[in-house]
6 protein chains.
Amino acid sequence: MSAKLTHQDDDGRIRMVDVGDKDETTRRAVATGRITMSQTAYQAIRDGQGPKGDALKTAELAGIMAAKKTSDLIPLCHPLPITQAKVAISASDEISGFIIRAEVSTRGRTGVEMEALTAVSVTALTIYDMAKALDKSMRISDIVLEEKTGGKSGDYQRDD
Amino acid sequence: MSAKLTHQDDDGRIRMVDVGDKDETTRRAVATGRITMSQTAYQAIRDGQGPKGDALKTAELAGIMAAKKTSDLIPLCHPLPITQAKVAISASDEISGFIIRAEVSTRGRTGVEMEALTAVSVTALTIYDMAKALDKSMRISDIVLEEKTGGKSGDYQRDD
Amino acid sequence: MSAKLTHQDDDGRIRMVDVGDKDETTRRAVATGRITMSQTAYQAIRDGQGPKGDALKTAELAGIMAAKKTSDLIPLCHPLPITQAKVAISASDEISGFIIRAEVSTRGRTGVEMEALTAVSVTALTIYDMAKALDKSMRISDIVLEEKTGGKSGDYQRDD
Amino acid sequence: MSAKLTHQDDDGRIRMVDVGDKDETTRRAVATGRITMSQTAYQAIRDGQGPKGDALKTAELAGIMAAKKTSDLIPLCHPLPITQAKVAISASDEISGFIIRAEVSTRGRTGVEMEALTAVSVTALTIYDMAKALDKSMRISDIVLEEKTGGKSGDYQRDD
Amino acid sequence: MSAKLTHQDDDGRIRMVDVGDKDETTRRAVATGRITMSQTAYQAIRDGQGPKGDALKTAELAGIMAAKKTSDLIPLCHPLPITQAKVAISASDEISGFIIRAEVSTRGRTGVEMEALTAVSVTALTIYDMAKALDKSMRISDIVLEEKTGGKSGDYQRDD
Amino acid sequence: MSAKLTHQDDDGRIRMVDVGDKDETTRRAVATGRITMSQTAYQAIRDGQGPKGDALKTAELAGIMAAKKTSDLIPLCHPLPITQAKVAISASDEISGFIIRAEVSTRGRTGVEMEALTAVSVTALTIYDMAKALDKSMRISDIVLEEKTGGKSGDYQRDD
């Protein structure tokens, strides 16, 4: 017998889970991901960090703004008043690409895992958009939840 | 010297590229990606495909709707009147997860790669949302452009 | 055997229908609907039309704006560049309520029936919102397509 | 003298009512509505519920997502953090159509009647969209509030 | 040495400021602004206030609705559940234009200055839109915060 | 007798003007505006342009993204497929503030004046948001249309 999905009621019908009885506590989530690409595209984006460039800053900002749209994108996700969001991109010569890390917090009745994961995804897509004239074979990978605190289900820390 | 990013003008300032002189042609893009998870979570979602379940259908629909929001999410992406969109999810026992494929078309002045990639990303995020009570260690990976047709820059076909 | 739904492919999977090969022609649709209520609520809203009132104007404007959001609300609806929209509300003592009529046009590859019907629905909901402190038993009814012109499938005129 | 609309100040000017002093309590609303159509269209949609079909599930999901957009659609409606939403569609041979029921909850300072009514409306519009190639004479009717709990104004139960 | 921007962390990276530890209190802000234009355009809009006209009411409503979209427009602005919003436009023969005043309140962890300023801006833009066929040289000016109450940083009252 | 507003029909009822018969041509608009502030706030934002700062880039990007939302903000504004958008901010010691210039193009049936003006407004609001902890008395002023080309009504060039 398979485990039960929380988004299905006893009739198997999809619903938005009721979180009205949960406490309003401080909740925080961190997610990461990466995008890898050709050396040419990688260097162009990385150098876009220089005095006048802003490719990575554009992508970080896109991620922050996407965190605020999460409940509009994910059908059964609850709307949440985000209290904090930040996205950091690190260039990595080793993987010829970029590591993305997003952190989101709220005071609310449900967690912000989806907000952090959405921020990482849209940050990666924005980098793709800006480099796609140079390389169409880029790969977005390893989008995972790193940690989560707050809420009744307890804290989570990814072990690698 | 690194290659030039199309989204930067001669001053290095970020802009939305001018596509006004491009022809309005039929353009199509296909993207894929995957999400892997524990056996327990995988089976719950896969069995959610049964007579009453609709976890995967919810995720497919979320992907289609996200394709229409692409220019709202990606800062320098042009708004496009999408003429067709579909998303298909296949369960894979082998990877203990799901393969997602999105196809988007338009009649427009620029391509729909970002729309197809966004559809795949949001489909994966929606699966994550529905299974996260069962497994927090899921991984979204290998989001890539498979093919692209239409437009002056020529067709693209990924070779694996 | 039942008729085939256009939004399902041969596998029964939901999709956004491909309209890329359709001609870009002038298309127009008219929809109507009504909301009925207690005499007290009806008079308050109707008198809200006076020198300083603007309850009905608020509702008409809400309908026009909703027409522009149609493809964001209806999952498989194509985004369309609306070229014209108007909504007119008529007070009717006879039904103790209001008759709503919306007309929408576009130059596009698919019709604007959904835009006109959405405009009527949101206009009615907005009237409900403004009168709900006076009457909770209001009824929104008879939302129908009155006529439709343009497009290959031919014109449609409702006969009553 | 007619009753006073809450959305108008003493000058008759439209405003969003101040709910800042209201208590944050659990509030819940249920709304219903129906869409009737030709036998052909009805059977196609109803059979779309089979092993591979998902017409009704698409419509239910559209209703849930619309509940989250209510304050964006209804001009003077307050934004609310919805804590729960579900939509259920029942096929009815008798009326040759579908009965829609939506239930929405929140912890907030104002009720969710508009969210429940919006969910019903958009669910009906989505069914219309998917069946409109088969029948253009469908009718959306009887959208009403069934019940409402929570808040100072007391509970409401429709009597039929 | 220049003052520190709150939206930058110690690395100078842009972020959404963390307001999770702030108290949820009643906060209120008032902003004003003006739009001036030719006599012809001014009179047309002003007379649009007559028995059937509604140019200014349209603009006021646009401002109220824009207040609800503030966090979607301003990248690092926190989403807030607005509890009250109103916009008032006064015609001024003296300046051949209109004075706009917006007032917004919330119960939340951060202020609503941006919501009030956004409401004024969009109200002015909407007036521009409706008069632009008559005058393209209109000027939107003097958008300022008039007062602000609530929150730890204390009240603010503009002195002119 | 006052001039006629294009957004009102013969009954004085507000509508979205019909542009369906207009030609689809290349249209372009340029708008400018300014925000002035205390020396302290000015320098903090201006220095935010340094190696790691990105306050002004954040504001420019917000302006570009807002151009895409124009028809969602301005009630009677037509949705348009923008083909190009850019925003440039110049620091001015002289005015202790920033000059904003936005340029938007489209291939469409109506102009992009509102898109350019909206981009300037939201850019200014975003600067305000980032400096408001330092100065609450900032002033957004002189938002005007500089030039406009394309369309039947002829070109417009502001003369100062």
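Think of each number as a place in line: the chain as shown, counted from 1.
Placed from the backbone N, Cα and C atoms, the Cβ positions cover glycine too.
The active site annotation in TrEMBL covers C:Asp129. Look at TrEMBL and you will find C:Leu76, C:Cys77, C:His78, C:Met114, C:Glu115 tagged as substrate binding site. Taken from TrEMBL, the feature domain 'Molybdopterin cofactor biosynthesis C (MoaC)' applies to C:16-151.
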Confidence summary for the domain 'Molybdopterin cofactor biosynthesis C (MoaC)' (C:16-151), mean pLDDT rounded:
92
Please work out the helix, strand and coil residue numbers for the domain 'Molybdopterin cofactor biosynthesis C (MoaC)' (C:16-151) from the DSSP assignment.
45 helix, 47 strand, 44 coil
Looking only at C-alpha atoms, tell me how far C:Asp129 (active site) is from C:Met114 (substrate binding site), rounded to the nearest Å.
22
Count of other CB atoms lying within 10 Å of the CB belonging to C:Leu76 (substrate binding site):
24
Interface-adjacent recorded positions, chosen from C:Leu76, C:Cys77, C:His78, C:Met114, C:Glu115, C:Asp129 when a CB lies under 8 A of chain B:
C:Leu76, C:His78
What count of other C-beta atoms do you get within 10 angstroms of the C-beta of C:Glu115 (substrate binding site), across all chains shown?
27
Given the recorded positions C:Leu76, C:Cys77, C:His78, C:Met114, C:Glu115, C:Asp129, which pass a C-beta cutoff of under 8 Å against chain D? Sequence order please.
C:Leu76, C:Cys77, C:Met114, C:Asp129
Span of C:Leu76, C:Cys77, C:His78, C:Met114, C:Glu115 as binders of substrate, largest Cα separation rounded to whole Å, comes out at 13
Within the same chain, the residues at least 6 apart in sequence whose Cβ is under 8 angstroms from that of C:Cys77 (substrate binding site) are C:Met16, C:Thr70, C:Ser71, C:Met114
Just to confirm: which same-chain residues, 6+ apart in sequence, have a Cβ under 8 Å from the Cβ of C:His78 (substrate binding site)?
C:Met16, C:Val17, C:Val19, C:Ser71, C:Gly108, C:Arg109, C:Thr110
